[in-house]
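What Swiss-Prot says about this one:
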- Lys165: active site, proton acceptor (ACT_SITE)
- Glu323: active site, proton donor (ACT_SITE)
- Asp194, Glu220, Asp245: Mn(2+) binding site (BINDING)
Amino acid sequence: MKIEAISTTIVDVPTRRPLQMSFTTVHKQSYVIVQVTAGGLVGIGEGGSVGGPTWGSESAETIKVIIDNYLAPLLIGKDASNLSEARALMDRAVTGNLSAKAAIDIALHDLKARALNLSIADLIGGTMRKSIPIAWTLASGDTARDIDSALEMIEARRHNRFKVKLGARTPAQDLEHIRSIVKAVGDKASVRVDVNQGWDEQTASIWIPRLEEAGVELVEQPVPRANFGALRRLTEQNGVAILADESLSSLSSAFELARDRAVDAFSLKLCNMGGIANTLKVAAIAEAAGISSYGGTMLDSTVGTAAALHVYATLPSLPYGCELIGPWVLSDRLTQQDLEIKDFEVHLPVGSGLGVDLDHDKVRHYTRAA
């Protein structure tokens, strides 16, 4: 089964509400939808970045250019079922650009799984679970609005874990914001925070203990991504769990963080690692070091979220659950099928491959004009 064609499409999908982070406010998400054709079948994948190149080194524009000009010409004519060869070819030809590689890797997994009439989860080893506890992100920047949102989610039995974005205000203001949310949800929910690199080590060392006292269970990426030493010291000094996100940008960074036991948990993201196989390798590194895995998101659409669900469903342990909220943050979906959240958990889609199919009318509607 030879690869016959690889196509890319940039789509821009508005969010239902602005998401305020320490580094930007997100009003829309841009994705590159990849379709790989072989043997009469089409596999689909997705690449993207939160807020474009502000968060990382890639954007929808760079992802499309790398695939169209470097990766696609390299892979056309190759065996679509040989996933290892495809990864090796991409890594030799292109340095970095992990989201571009991930988009193709996901599409090839989807294609192979469809050809074998298997789900991706079954293709890569089988499921440990059919659903995963899912956290909702509170990022309106308004305390009353965030509390109302949390209480509505609890009442609807959609979410009882909440992640609050910090770093856009002063630490003192953030602390009061958190205290109000923790008090409002009481014992009905847990609260974790994401600083998105917004603090230096001194600020983090002062305010993380206060967040812990307020009832926070986990602090995500409190300091800049390159400061592994600060992460290690903060992990050693605090009882609350420290989660690496932006710092976890390659297999080598996973090894360094694990070797030094610099954090308590890894936020896994397929686009950060270059695809499915490398994400599984990072999870294995974490397991060997006694570090927890967490199901992270790049605010993926239904395509990327389905791919992540298949991967996370195979892992032995996810004590903090996941945050695969992208499809519900967006104002519309790009697939024919919805994903389901029920009883505080997101459920693995059924069917071969990803378990979702593109809605080509929606893709055309959101395609960026040339």
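Any Cβ shown, glycine's included, is placed from N, Cα and C.
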Sequence order is fine: just name those recorded positions in Asp194, Asp245, Glu323 with a Cα within 10 angstroms of the residue listed as 'active site, proton acceptor'.
Asp194
Greatest C-beta neighbour count within 10 angstroms, which of the recorded positions Lys165, Glu220:
Glu220
Within 8 Å of the centroid of the Cβ atoms of Asp194, Glu220, Asp245, which other residues of that chain place their own Cβ, given that this set defines the recorded Mn(2+) site?
Lys163, Val193, Val195, Asn196, Val219, Gln221, Leu243, Glu246, Ser267, Gly296
If you draw a 10 Å sphere on the Cβ of Asp194 (Mn(2+) binding site), how many other Cβ atoms land inside?
24
Tertiary neighbours of Glu323 (active site, proton donor) (same chain, Cβ under 8 Å, six or more apart):
Ile134, Ala135, Trp136, Thr137, Lys163, Tyr294, Gly295, Gly296, Thr297
If one looks at the chain holding Asp245 (Mn(2+) binding site), which residues at least 6 apart in sequence have a CB under 8 angstroms from its CB?
Asp194, Asn196, Glu220, Gln221, Ser267, Lys269, Gly296
